[in-house]
Amino acid sequence: MISICSSSRISTAIDTSRRPRYILRLDQGSREVTEYLDLLLACGRSKNLGNGRRLHARIVATGHQDVMFLANHILIMYGKCGGMEDLSRAFSGMKRRNIVSWNAVISAYAQNDRSSDAIVIFLRMLLDGIQPSYVTFTSVLNAFAGPELHRWAKLVHDLALEVGFGSHPVVATALLNMYSKVGSIDRARQVFDELAIKDVVSWSNMIAAYAQTGHGTEALEMFHRMDAEGIQANVITFVTVVHACVLVARITDARTIHCRIIEAGLESNTVLGTALLNMYGKCGGLAEAKKIFDKLAERDVVVWSAILEAYARHGHPRVALKLFTLMQQEGVRPNDVTFVGVLEACCHGGFVPEGRFHFASLVRDHELRPTAHHVHCMLDMLGRAGKLEEAESFIARMPVKEEAITWSIFLGSCRSYGDLERGKRAAEKVFEFLPHCRAGYLTLASMYTDAGMPEEAEAVARLMESRCPKKEPGSSKIVVRGRVHEFCVRSQWHPQAKEIYSYLDELHARALELGYVPDTRPLLLGSVERKLHSERLALAFGAMSVPGKRNSPIHIIKNLRVCRDCHEFTKFVSRTMEGREIIVRDTSRFHLFKDGVCSCGDYW
């Protein structure tokens, strides 16, 4: 505890090496001022706002509030402690301000997620005739946090260029990050390309910019370019590249990056090990994820949560729940992310009593607040189990309100169990919150089709066409011999298209012999014949390109949810492959098909 009762007691265990260098120029008689500075620094490091306020009051009482560097460090302290109202009052009460004062306030607003306030202070500074420094530009650029500030991005960039800081390496890095955060990835790339010197920091930032904006393929390409130019990647680079692998979800890329990490001698790094575990868990490499988990010397809550979620995601809910028990036995306290994995396991395993228990335990035993993820897992679990009345009641009393996703989940459950009346109520809510999203319309139209009401189904389909933009075409990717092959519905562009369609016919014939019954229900307006869906083409190509290798799974990534008929077809095809696995990742989850069974239990 910092003592600030009197000036004679202003002394604690203070690290004087952290004092700003200009303090060394103070007269030896300024001991009290120096001690105030040390205490301000200590309050900022500990984020102790209460002590900071008391210290500020003491500085005012002793008449030192107008010492410029002390006044500036009061601002810095409040920013680090999150006392933004205190900061605003202190800044307004300053008799004199210098560039450090303005920079401190801009940086404080940026650090506390008050982007608009940071920009306003920056503009006020310019109107007051204060010349910004490179630190000013770095601080205000770091304040940009989302696309809503896009219109201010170019203004700040142009000002940086005008005063000669546009090519400053620190400012350029901040510009690159700023453009990625506001969604202007092309401008970020332009800033990167114009850098005179590109070091590991600038390369890593560009890779991160691609990864953070969902451009996983471009991030990986940038990493390989960096590698080719002889720039040695560091831990930060690899963590970002691992995230890019998660985005593209290709197990071949995951293994390649893992090899590079081993070559760099960084596999034992705890942060990277955790990232690798998470990557394999989300790229279909459960066995690799388990190996990394077993090797990690330190297993904190992040590591346990990642392996638990990996097993839940891959259709091993009982193993996931056993890991949860083991984790607690080893003294690791679960967090909110852990409970997402636990509830997903209960959901996919159909363990409704266990799910209810863990949801209640989250609050009762661990003093955590349920998030939207927890609520959606519970709702999905109840819907999967056919407990639609309980699910509807749960929506009415749930602690988190994210109604668009909530009602979409419930609508999907109503479709699975053919509850048209509840489905119509859910669809009305979905249309209210997501009027331009095709998914809700398609689900309701399918329910009408299943109920033998084709006219109502077509009416919903027409409503969808009038309200919604054209949907993203279905596509599936597969990597064969190091090359990515992408298929769309009715793909004809592939050089082996004739052979692929011929082999698909063979697979279809074999599936029919084993008892596969195609879905012959009428197609909705604008729908594509199920036999020509992209995942079937990718499956046929993968099976014919690498035939008969039991230890070579076929990995397919689909950009939409797998339809029921394709799911059923793939189950029957897996029976013809003598133990070979077919792994399909769609927008819902991983589907691991083997010997006629899917890990999702036919519910996704």
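Note that Cβ sites are derived from N, Cα and C of the backbone, with glycine treated the same way.
As given in TrEMBL:
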type: REPEAT; residues: 98-132; note: repeat 'PPR'
type: REPEAT; residues: 199-233; note: repeat 'PPR'
type: REPEAT; residues: 300-334; note: repeat 'PPR'
type: DOMAIN; residues: 533-604; note: domain 'DYW'
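In the domain 'DYW' (533-604), the DSSP tally of helix, strand and coil residues is 24 helix, 16 strand, 32 coil.
For the repeat 'PPR' (300-334), the model gives a mean pLDDT of 94. Across the repeat 'PPR' (199-233), the DSSP tally of helix, strand and coil residues reads 26 helix, 0 strand, 9 coil.
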